[in-house]
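Asks: Below, the features straight out of TrEMBL:
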REGION    1-31  region 'Disordered'
DOMAIN    148-288  domain 'Nrap protein'
DOMAIN    294-432  domain 'Nrap protein'
DOMAIN    437-592  domain 'Nrap protein'
DOMAIN    607-804  domain 'Nrap protein'
DOMAIN    806-959  domain 'Nrap protein'
DOMAIN    961-1094  domain 'Nrap protein'
Amino acid sequence: VFPSPCGSQKGFPGSRSADPQPAKLSRAELYKPPTSEELTQLKETEDLFHSSLLRLQIEELLKEVTLKETKKKKIDAFLHEINSLLGAIPETPETELTDQAWLSEDVKVPFLQVPFNVKGRFHFVPPAELKVVGSYLLGTCIRPEINVDIAVTMPREIFQDKDNLNQRYHRKRALYLSHIAQHLSKEKLFGSVKFAYMNSNHLKPILLLRPQGKDEKMVTVRLHACPDPGLFKPSRFYPSKNNVRTAWFMEQSSPKEGATEPPTPHYNNSILCDTVMLSHLHLLSNAATDFPGMKDGLALLKVWLNQRQLSKGLGCFSGFLVSMLVAYLLMKRKIVKMMSGYQVLRSTLQFLATTDLSVTGISLAKDADPSLPVLDDFHQAFEVVFVDPSGLVNLCADMTASKYHQVQFEAKRCMEILDDRMVDGFQVLLMTPKPMLRTFDHVFHLKHVSKLQGTCKKMQLLNELMDRGGNYVAAALPFVVSLLARGLSQRAQLVAHSLPQISEWPIDAEPPKHKDIGPLTFGLLFVPEFAASTLEKGPQADHLEALEFRTFWGEKSELRRFQDGSICEAVVWEASTVCQKRLIPEQIIRHLCGLLHVSLLPCVLSLGLKDTSLSQEAMVSVVCSYDDLSRKLWNLKELPLTVTAVQGVHPALRYTDVFPPIPVKPIYSFHNRRKHLLLPSEEKPCPAYITPLKIICHMEGSGQWPQDKGAIKRIKAAFHLQLAELLRQQHQLVCRPAVTHTDVYKDGYVFRLQVAYHREPLILKEVVTPEGMLKYQDTEESRQLELETLHLPYLTSSLHGLQQQHPVFGSTSRLAKRWISAQLLSDSISDECVDLLVAFLFLHPAPFTPPSSPQVGFLRFLNLLATFDWKNNPLIVNLNTGLTGEQEIKNKFVAARSRLPVMFLATPKDQWSSMWTRERPSAQILQRLVLLASESRRALEEQLMDPLSDQDVKMVFRPPLDFYDVLIHLNPNQIPRHLESVDRPVKSASRGVVKNSSAMNILFPVVDYDPVQLYLQELRDAFDDLALFFYDKHGGEVIAVLWKPLSFQPQPFKVSSMKGRKVTTLNNELVCVPNVEAILEDFEILGEGLVKSVEARTEKWTI
């Protein structure tokens, strides 16, 4: 192992022992000047890392992923045993390649032999040489998966002259490995002997050996068969040469007259790879000598690639590739051997972010041999080019341009994150996984990859198929992705695909077919401004590109005249609502798939949020009506004091109301009348729930305002009466004044006006001490008033602004709230708290980009709840970028942790008190929430990533009820929001309202009347000490009850504390215990007419 880059453990004698003792240093040692090594280290920390914490985190991570010495010794012993076993395998007699009867039945050749007939002869001779290659020798392999690669050199005598043609070499290689597998499988040394494809490439089977017993997980030894070094002439394998004959591949008897053979660059590359393994090892070991930073840098880069799912599969950005890239940067002096691991990481990411290898390839070859192919030859044959030191092998042969662009995009994003001092770069870059579902705004699945055979036929990809050994997925994928990228060019900044992967298989099973990679997944990352545009503007009609545009879009393309007078080709997509516009990319993909003969399945979360598609529009109309009302309030004449500000505080006014209000007018016959009011009728079902939209009206200050809190309340009541009177006179609005507010019916909505006076909170804080001194201190009343009149309006306007920047903020927040409510927890966590959690995802999205679809926002919300460390960190939501001292908040938080709420949210206007989470959630509820979030996320991601199973995404919105002790079933007729439930009822009672936004002179409707909430309040008032009550306010039919365990412990008998209890004797003493039967009866009596039945679920509470 290389020495640790951070100096030795000088200052810590005995630090290896179990109980480290403080080192006793003499005075001279204590004040010794720092060594040059320590000085460089200090300077580097100051210059490179934003904080010394980042350096420590990286060192900790490196300790965790590097291989321990003890394990190394075990692995070395295992390798020696394999070495001796391989030398002892017997030879076999020579047979035709197609005659494989000499292999035992227990081993199947790990190669798809299509077409089967091929010339050539084969016999087994023990390997000429065994060499360990790859990351194990360099010390750059990282846990959890330790792979040791061994190159097994096949002797020259088993090859013939034309073995480079028609897969003969590949088949000999596969037979060679089969014979080794047959012998090693009998040995006791191995826990498992299996086959796999190297990077899922069908032409390259390898043999996997794992030790016996508990060490099986410790290491996987991979045997790669490779040819004798001077066997093939390199010139036969230039990218422009052909080595697979069409007649053989198509199984025709003789080649067509005069037909030229196409080049087979991928096939040639796969043979060349085997010939240069050792030279790559030499190159890397030269780079790594005297360069401890390389080892650390590679470990960090590998972790970075693993977290982004880029390092496994066909055409992946593997650990080997990234090692070669670091060697290239070293050769080009972009990296020097003095650098630390973190500098290597930064330099490599910087290079990836700024270099597009699909346009300008790079080469490790030093001297230009004129006979070797040049970079342009490679660019014609491959999408991404990175040539090895021999000048022959393209290390990125299987990579698609799209995959490289994804790596490039990630690298750019990471450089931004590393330079941003506000972000914890380490956590975000190296510790946060980025699965496709949480990374991309839209995810599509290609369910059955075998359909790509049709695509290959349609696009005439025969040459590609021959080149890829018949692998139609690899042949068609680059074309499919580039077609999608072209169709979505204006909307998507990134079109990515999952890497085709094939897992290992037992040696007695048939090798996996091309279709066994399972579904392929495509991810789109949108440009938010253009993602939902209905128009695709093409070139002008008289330009040459217009014809190309027409052929690409087919009958969708039409000529249109634009406002600037130009006549252009254009494609218009049908979409009227915001929700449909969001799905335009899906329409485009459906159209493009028609060209490809494949069908891609979108995995989209479409929930019945009561006409979700229209709710965005509903919200906009609420906001318009509110804007109009606030103008009318400002311009009211004859008010003694003018209105200085009108601020909305209802969630609908910040676009986050789960079910935005719909304009309605009451049906009189359904209600009882009294003067100008309507009241619920006892015979009829409960009327529809009409939510009052709360608005704060700030009145100007004046010397006439009294200084007494009682008098202020009376003045405010007078203002409420006056506002109602003036709105009726000047604007003919129907109003209903009350002491604390005035309700106004306008455009079918009910607005609740509440007058505020800016000095009132201060007057409420006044306390007179016994000595007659006047002092100010926070009281519950003043705090509540400040919250309603100051903080809530500010929060609402900030989030309203956020919605303008990120159009899916509102929809994401509504999904999140619907989920919390469906889990029966909406009373345990405030609306504002959920809005802030969702805002955090948009303001601090690193390592992702801000969500551009509600589904990805919702998944990240669940992930945030489940993975954020609530105990040790504050969640800092930097609204309007008004915060700079984030570190100060963290320090204060740590110091005062025990006194702070369990979920601590800091915002610019509320840095220390976390006002939205002060009362709730409690520690138990937060724990429950975290558990539910992680389970829901797992279930949802499994469903969305498995297109073959037809599952219901509403599953995560159906709460598990077996956890509760008592269920109170309600009568649906008395649930006003019954239609909002997750599984919408087929029929529901009429609710006595009709949609109408133009009614003027009406009797005032029943506002804010929800019998279930009133019943819940009564239950909580009466039984708060005995039980917790949970309910889904959006149409839930069940109230779930959980007994508090402490209240079920027998209490000593006292006459004063007999509420809900009965007397019983325990060990000859009188004690009180809860009278459960009577309590359940009380539940029914309290809810008469509303409660259908009370179901006691458990016997947990028998004493």
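Backbone N, Cα and C atoms are what each Cβ position is placed from, and that goes for glycine too.
No curator has checked TrEMBL annotations; they are predicted automatically.
Help me picture where these features are in the structure shown.
Replies: In terms of DSSP helix, strand and coil, the domain 'Nrap protein' (294-432) has 74 helix, 5 strand, 60 coil.
Summarised as a single figure, the pLDDT of the domain 'Nrap protein' (961-1094) averages 86.
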Asks: With pairs closer than 6 in sequence left out, are the domain 'Nrap protein' (806-959) and the domain 'Nrap protein' (437-592) joined by 3 or more CB pairs under 8 Å?
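Replies: These two segments touch.
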Asks: Going by DSSP assignments with H, G and I as helix and E and B as strand, what are the residue counts for the domain 'Nrap protein' (148-288)?
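Replies: Final tally across the stretch: 57 helix, 30 strand, 54 coil.
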Asks: Could you give me three numbers for the domain 'Nrap protein' (961-1094), the DSSP helix, strand and coil residue counts?
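Replies: Secondary-structure breakdown of the domain 'Nrap protein' (961-1094): 37 helix, 38 strand, 59 coil.
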